[in-house]
Amino acid sequence: MNTNKALFLDRDGIINIDKGYVSQKEDFEFQKGIFELLKHAKSLGYKLLLITNQSGINRGYYTLKDFEQLTQYLQESLFKELGFNLDGIYFCRHAPEENCACRKPKPSLILQAAKEHQICLEQSFMIGDKESDMLAGLNAKVKNNLLLIQNPLKTPHSWIQCKDFKEMIDLIK
């Protein structure tokens with residue numbers, strides 16, 4: 001039975017500032033407000049699951065080992081700052097033209113994470129900064145989809161647009 005709730009989190013643009021194909025810890029900078037968001041969600045019992053497209057691997061911009069080392073740095077930094085880690089890391093290494101089954105906006109990474117962590121999608125949130133993040137959430141049937149964006153988009157979709165993490169914290173109960 002799926003009884004856990006989760007925050008499905010994009011990495012670049014949500015966890016860290018998106019500087020384009022971030023692969024080294026020297027280039028990794030946490031987003032302002034992300035620690036507060038993660039702490040709030042964790043205190044309410046949410047699992048924290050990273051869902052990220054990392055096409056830089058297959059494009060040859062960086063290696064799988066680079067990604068794994070940066071992910072280890074991310075986890076160690078979170079533990080040092082907050083006393084906990086992300087509960088799961090799910091990534092797609094493919095470029096869009098490879099037409100794989102795992103790249104957002106396809107839902108398979110979210111569905112895999114939900115299955116492995118017994119997540120109730122009705123009680124969960126997808127948090128991202130791009131349309132592909134929101135569409136992945138919608139395609140996976142995640143009930144709540146929060147888009148971090150400074151300039152609101154006109155969209156027929158049911159996601160909620162937030163200008164900062166404070167707005168998101170107020171929505172996550």
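Backbone N, Cα and C atoms are what each Cβ position is placed from, and that goes for glycine too.
Per Swiss-Prot, the feature active site, nucleophile maps to Asp10. The secondary structure of Asp10 (active site, nucleophile), as reduced to three states from DSSP, is coil rather than helix or strand. Summarising the environment of Asp10 (active site, nucleophile), the number of other Cβ atoms within 10 Å of its Cβ, over all protein chains shown, is 25.
Here Asp12 (Mg(2+) binding site) comes close to Asp18, Val22, Thr52: these same-chain residues lie at least six apart in sequence, with C-beta atoms under 8 angstroms from its C-beta. Annotation comment: Swiss-Prot describes Asp10, Asp12, Asp129, Lys130 as Mg(2+) binding site, evidence class similarity to another entry.
Packing around Thr52 (site 'Stabilizes the phosphoryl group') is summarised by its Cβ count: 22 other Cβ atoms lie within 10 angstroms of its Cβ, all protein chains included. Annotation source Swiss-Prot lists substrate binding site at Asp10, Arg11, Asp12, Asp18, Lys19, Gly20, Tyr21, Thr52, Asn53, Gln54, Ser55, Arg103, Lys104, Lys130.
Residues annotated as active site, proton donor in Swiss-Prot, with similarity to another entry given as evidence: Asp12.
As annotated by Swiss-Prot, site 'Stabilizes the phosphoryl group' applies to Thr52 (among others). The secondary structure of Thr52 (site 'Stabilizes the phosphoryl group'), as reduced to three states from DSSP, is extended strand.
Taking a C-beta cut-off of under 8 angstroms and a sequence separation of 6 or more, Cys100 (Zn(2+) binding site) has the following same-chain neighbours: Cys92, His94, Lys106. Taken from Swiss-Prot, the feature Zn(2+) binding site applies to Cys92, His94, Cys100, Cys102.
Listed in sequence order, the residues of the same chain lying 6 or more apart from Arg103 (site 'Contributes to substrate recognition') and placing their CB within less than 8 Å of its CB are Asn53, Ser55, Cys92, His94, Pro96. Arg103 (site 'Contributes to substrate recognition') falls within neither a helix nor a strand when secondary structure is assigned with DSSP, and so counts as coil. Under the heading site 'Contributes to substrate recognition', Swiss-Prot lists Arg103, citing similarity to another entry as support.
Residues or ranges marked as site 'Stabilizes the phosphoryl group' in Swiss-Prot: Lys104 (among others).
Other than the site residues Asp10, Asp12, Asp129, Lys130, same-chain residues with C-beta atoms no more than 8 angstroms from the centre of those residues' C-beta atoms, the Mg(2+) site, are Arg11, Gly13, Ile14, Asp18, Gly128, Ser132, Asp133, Leu148. Checked against Asp129 (Mg(2+) binding site), the recorded positions Asp10, Tyr21, Lys104 differ in C-alpha distance, with Asp10 being the nearest. Lys104 (substrate binding site) sits 10 Å from Lys130 (Mg(2+) binding site), counting Cα to Cα. When the binding-site residues His94, Lys104 are compared by the number of other C-beta atoms lying within 10 angstroms of their own C-beta, His94 comes out lowest.
DSSP assigns Cys92 (Zn(2+) binding site) to a strand. With respect to their backbone Cα atoms, Lys130 (Mg(2+) binding site) and Tyr21 (substrate binding site) stand 15 Å from each other.
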